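Single-structure report; data block below.
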Ligand code: DON
């Protein structure tokens, strides 16, 4: 009887939410030649200008990455790191890891007190939270390998923007206000964001402009071995940090093989470890492939159930298996194999939720904070890039080097501060991602490129900590399964499950109450309040006539510009 009642409710709610699903009426920017979509119009414009000047997607990537450090200091950075996946016009694919590293003096227990307890905020706020930055190495390595314009053509427009300044948006005003109480806790001296900036005011960045001028003059060695390196190390140490000149001089970005897998007729190319994005995305999509999501309907009870259960299992594996591949052995091919993944879903039934406590491994909550940024670029030659870059938290560690003009990351918090935590599975889970000198901390970043029929189809990615993977996943499914435009796919309401805590986070006021009641009746805990937005996806879709549609996320100031 109860089963029948539930089934009826399922049918009604699936129907209701199908009707509510966003139809492909929202269309993003359409352009014939090239598109750059990033968190700020100023950065997208610089990226497009570089292409108009004859540059390719790689030149544009370097310019956009640096421009975001000026236009979007919340997450854009010189003091952080990131990942880029690329697909060249000739079909060559690859990826580069410019993730931060733990300093040489880092130790496994560096964030614990004498009783072995985690010291609140030590891995989050201030100089002890900072990992060795990778961004400048990434930019220069990408330019050296694939760039076509002289480096002046890429860096000079960014320097000009830094001198000219950037207008404060309404959303930026709110962000600055929100994080202002933390800046004095991380910095000995006042910083420029202590001032109450209002929308429409202009912030100039003369110190950052000067740093970029020296980098333009002396190349990446300026940042890792030159005057900038010395100033940076002195500054970090004066503020109580442990990064040395040796740490900076030893930093190298790494070209890595991307993770590739198929889903229906799509060939998906995403970032491998130390980013968990590619493996988790592959696991979730492979677990979902046998289900008929298109028939269930977008954000219907059945779709949400299937996606949630696949996410739950993938995030449990993430916690146990994944870390820096230079330090831990990761069974990548097994983890994304069909038979392994179909086995993982054997205990799933639409009748009721599988409790996370019954899914291995362990009880470690993935704690990630909430700002990063993604940008996607396609050029007139047919090259495509997807880059996700971050300071980790909002304005990173909040430590701002006024002399050099940029914020430092708090990426050290992406390590497991306390290996051996609460339970047997937790212990093992923490091991793969424990702190070790020169190790890269595990990331959720998921820059992704998709081919269809052997041709470029989509490039996308997102910020959002642990929700990055599930935001990218849902956007792909929105286009492929639910036939949405790129913009509609980006706009659509998102939900997220990460194994622990055992709950589905949902964007508030975006899912109807009947649907939520139905999921609760099936044993799912719904959390609407703690997640104002989930992810902030920027993507580009290749349309049938070979033009591009840029989808910029309305949750931020994100803007697609093209021609
Ligand atoms: O690498 C990671 O997974 C995190 N440091 C990303 C942080 C993030 O996305 C915050 N953004 N919204």
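Indices start at 1 and increase along the chain as displayed.
Note that Cβ sites are derived from N, Cα and C of the backbone, with glycine treated the same way.
Just so it is clear, the model here is predicted, and its values are computed rather than measured.
Features reported for this protein in TrEMBL:
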- 372: active site, nucleophile (ACT_SITE)
- 99, 390, 391, 392, 414, 443, 444, 465: L-glutamate binding site (BINDING)
- 1-16: signal peptide (SIGNAL)
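Its Cβ taken as reference, residue 392 (L-glutamate binding site) is surrounded by 31 other Cβ atoms within 10 Å in the chains shown. The maximal spread of the L-glutamate binding site, taken as the longest Cα to Cα distance among 99, 390, 391, 392, 414, 443, 444, 465, is 14 Å. Each residue contributes its Cα atom, and for residue 391 (L-glutamate binding site) and residue 372 (active site, nucleophile) those atoms are 6 Å apart. Take the CB of residue 372 (active site, nucleophile) and look out to 10 A: across all protein chains shown you find 31 other CB atoms. Taking every protein chain shown into account, 390, 391, 414, 443 are the binding-site residues, and of these the Cβ with the most other Cβ atoms within 10 Å belongs to 391. With a 10 A radius on its CB, residue 99 (L-glutamate binding site) counts 31 other CB atoms from all the protein chains. Comparing Cβ neighbour counts within 10 Å across the binding-site residues 444, 465, the minimum falls on 465.
Here residue 372 (active site, nucleophile) is positioned 11 angstrom away from residue 443 (L-glutamate binding site), judged by their C-alpha atoms. DSSP gives residue 392 (L-glutamate binding site) a coil state; it is part of no helix or strand. DSSP assigns residue 414 (L-glutamate binding site) to a helix.
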